[in-house]
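Chemist: Following this message is one structure expressed as structure tokens.
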Amino acid sequence: MSKQNHFLVINGKNCCVFRDENIAKVLPPVLGLEFVFGLLGNGLALWIFCFHLKSWKSSRIFLFNLAVADFLLIICLPFLTDNYVQNWDWRFGSIPCRVMLFMLAMNRQGSIIFLTVVAVDRYFRVVHPHHFLNKISNRTAAIISCFLWGITIGLTVHLLYTDMMTRNGDANLCSSFSICYTFRWHDAMFLLEFFLPLGIILFCSGRIIWSLRQRQMDRHVKIKRAINFIMVVAIVFVICFLPSVAVRIRIFWLLYKHNVRNCDIYSSVDLAFFTTLSFTYMNSMLDPVVYYFSSPSFPNFFSTCINRCLRRKTLGEPDNNRSTSVELTGDPSTIRSIPGALMTDPSEPGSPPYLASTSR
């Protein structure tokens, strides 16, 4: 290892490394919000999956794996936040550094893969409702999920057996995205995990919208909302991942043109990359919205909870007001009755035709 200004040799590769104080000021609050909301959303989703789903279906199995990937990514954010707060001085040793980088990469990739699978599953159920893929068993869906996890782990496991911590002056650098004069497997996967799923998600979303409009189903208010939701999912995916990918491509172009002879030219793009990289974690924070709209079990669960709260409140009112009502009127029949809708749980499932088709 050698050091000259921002120049650093990492594992035999010439790299440019920066410790920008702006990262320590700006990113920790952003990651903190992503952690809090992501933990609440995905934690609640996993709780519903594990304890409140009456039955499992293939589409729900894919959603469950998406929630697992998002949750595992979210719980790594406090360690990444501490790394930023310490201005790129990792305090927990080499093995925890590898584990954190592996978990971030694996679960970011896993989240993207299962989000893509959910889009493909929805595509077949809406556009090709009689396709044999719509009839796969829960066992087959579980096997597919395990296979996808195996691929994800295989593509990112190199982070576990490679020493990712490097001494940088008086600090320990822990990062998998240093600016180095080489095109690594990690960089290739970072680009591929965006462009390939993006193409699939855009194709599936476009075909779903076109199919619904061909059947003239898009005139229904609930179907319009479903179409809007499909578009929002695609837009959020682009907003979360495109900025960091675009900046990374810019870095590759600068490396091609200038090598690492002058590290100063990379200062601004390095700051831009790690800033936009924090947007990718926002996708895991927003995925609970996908669970809510993709399966009627989630809105039904929340409706049941709200109804139970209202029922308890309404049941308490007659007890509190009963003596007063009798005293004033002399007739207990004047006491208000509880609406029947609050006395019964909502039926399963009460969703619009399009959304219901995604969970059958």
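Placement of Cβ uses the backbone N, Cα and C atoms for every residue, glycine included.
Since this is a predicted model, take the numbers as computed values, not measurements.
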Chemist: Regarding membrane topology, does Swiss-Prot annotate D89 and I223 with the same topological domain?
Modeler: no
Chemist: If you follow Swiss-Prot, the disulfide involving C174 connects it to which of the following: C97, C146, C204, C240?
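Modeler: Recorded disulfide partner of C174 in Swiss-Prot: C97.
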Chemist: Are the transmembrane segment (190-210) and the transmembrane segment (271-291) close, by which I mean at least 3 Cβ pairs under 8 Å that are 6+ residues apart in sequence?
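Modeler: Output no: the transmembrane segment (190-210) is apart from the transmembrane segment (271-291).
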Chemist: Average the per-residue pLDDT over the topological domain 'Extracellular' (1-30) and send me the rounded value.
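Modeler: For the topological domain 'Extracellular' (1-30), the model's average pLDDT rounds to 80.
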Chemist: Rank 31-51, 99-119, 141-161, 227-247 by Cβ pairs under 8 Å to the transmembrane segment (271-291) and hand me the top one.
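Modeler: If we count Cβ pairs closer than 8 Å to the transmembrane segment (271-291), 227-247 scores highest.
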Chemist: Which sequence-distant residues neighbour the transmembrane segment (31-51)? Criterion: at least 6 residues beyond either end, Cβ under 8 Å.
Modeler: 60, 63-64, 67-68, 70-71, 73-75, 77-78, 80-81, 84, 278, 281-282, 284-285, 287-288, 291, 297-298, 301
Chemist: Report, as numbers and ranges, which residues of the same chain sit near the topological domain 'Extracellular' (1-30): CB under 8 Å and 6 or more residues beyond its ends.
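Modeler: Tertiary neighbours of the topological domain 'Extracellular' (1-30) are 81, 84-88, 162-163, 166-169, 171, 173, 175, 178-182, 259-260, 263-264, 266-267, 270-271, 274-275, 278.
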Chemist: Far apart in sequence but close in space: which same-chain residues, 6 or more away, have a Cβ under 8 Å from C174 (disulfide bond)?
Modeler: N83, W88, W90, C97, M100, L101, M164, M165
